[in-house]
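Feature list, courtesy of TrEMBL:
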TRANSMEM  39-68  transmembrane segment
TRANSMEM  80-102  transmembrane segment
TRANSMEM  108-125  transmembrane segment
TRANSMEM  145-168  transmembrane segment
TRANSMEM  174-193  transmembrane segment
DOMAIN    174-404  domain 'Major facilitator superfamily (MFS) profile'
TRANSMEM  229-248  transmembrane segment
TRANSMEM  260-277  transmembrane segment
TRANSMEM  289-306  transmembrane segment
TRANSMEM  368-397  transmembrane segment
């Protein structure tokens, strides 16, 4: 790897910059809401299993709607799809705020609204990820991926930290209100963009044939489906995030303020690692780096499960963020650059089943394991599972291991 570019060169392109800034503001609000929802569910139920069901509530709508969302992204205007998705998410945050302040909120209602948010994401994510390559020259796309990852992780640093303090002083309802207004930033960015958001080669019609075309493409492109499988298994086993309220309240005993820092630590590691990667040009030995970074993610998760020190726990979570962001940037670049524009929406929607399915099902698995064996053992098991998954992929898919 040799430094070649300014780490922020993609931000010189107006439409990418607008969307990046809008998404940064919106993601901060959304990450605040993640903390608020988890904390509220745990206060209402006191149950690790109830926390695990949050992941299931997010995953089931992804299974049902993501492939449809991918086909729509390859048929309709991607900017319009994103606009409609933001509006739906505004209404969901509004309902959460109203029911919280009126003391009418229940775990079942929260699960239902989380599912609604996932439906919106099932349409928004394929449209957004398919739109981004049209905003940048191909040679700067990896820089754009790195900056998007930095944006995402910056939001995870700031959002949970802010949420922890806001929950402590103003309650979870205020978090929902802030998130409601954060979506407006994306709406403004989409309206101001000059890129129309159309598709180079539109899918002729909405059908099973269209869906099959996307599935066949992924199946016949080993480097794409192997990265999807690695993503799924790694995030399935290492979904410790949903158990952080238990660690904050009952194990490390640091309360909501400490909870915000625990949520922020992985993202802080990701921001630093992502900033370094964004300054490099083409990365060599990407397959080996990808597998090593996933192992780092698993080892750090294991050590977090063992730790009883708040500061060591922050360090290990920081390292999970480093491993996660390196693998994420490499995976996303490989997939986007290997997919033609008219298939990107469907490729992204198929990837959503792995990208969202791994962590969301993993949250359910972590909740069940924590209910049976305790949160620390659940996290340790997850870390070991991640290391084994990366090792098996390295042995079984040499094409991934040798990818450069």
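Using the three backbone atoms N, Cα and C, a Cβ is placed for every residue, glycine included.
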Short question: most Cβ pairs under 8 Å with the transmembrane segment (39-68), which of 108-125, 174-193, 289-306, 368-397?
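Answer, by Cβ pair count: 108-125.
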Would you kindly check 80-102, 174-193, 289-306, 368-397 and say which stretch has the most C-beta pairs under 8 angstroms to the transmembrane segment (229-248)?
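The stretch I would name here is 368-397.
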Using a threshold of three or more Cβ pairs below 8 Å, and leaving out pairs closer than 6 in sequence, do the transmembrane segment (368-397) and the transmembrane segment (145-168) count as in contact?
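The answer is no, given that the two segments have fewer than 3 Cβ pairs within the 8 Å cut-off.
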What average pLDDT is reported by the model for the domain 'Major facilitator superfamily (MFS) profile' (174-404)?
84
Taking the transmembrane segment (174-193) as the reference, which of 80-102, 108-125, 260-277, 289-306, 368-397 gives the largest number of Cβ pairs under 8 angstroms?
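Per the Cβ under 8 Å count, 80-102.
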What same-chain residues lie close to the transmembrane segment (80-102): Cβ under 8 Å, and 6 or more beyond its ends?
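26, 33, 37, 40, 72-73, 109-110, 113, 116-117, 119-121, 123-124, 127-128, 131, 171-173, 176-177, 179-180, 183-184, 186-187, 190-191, 197.
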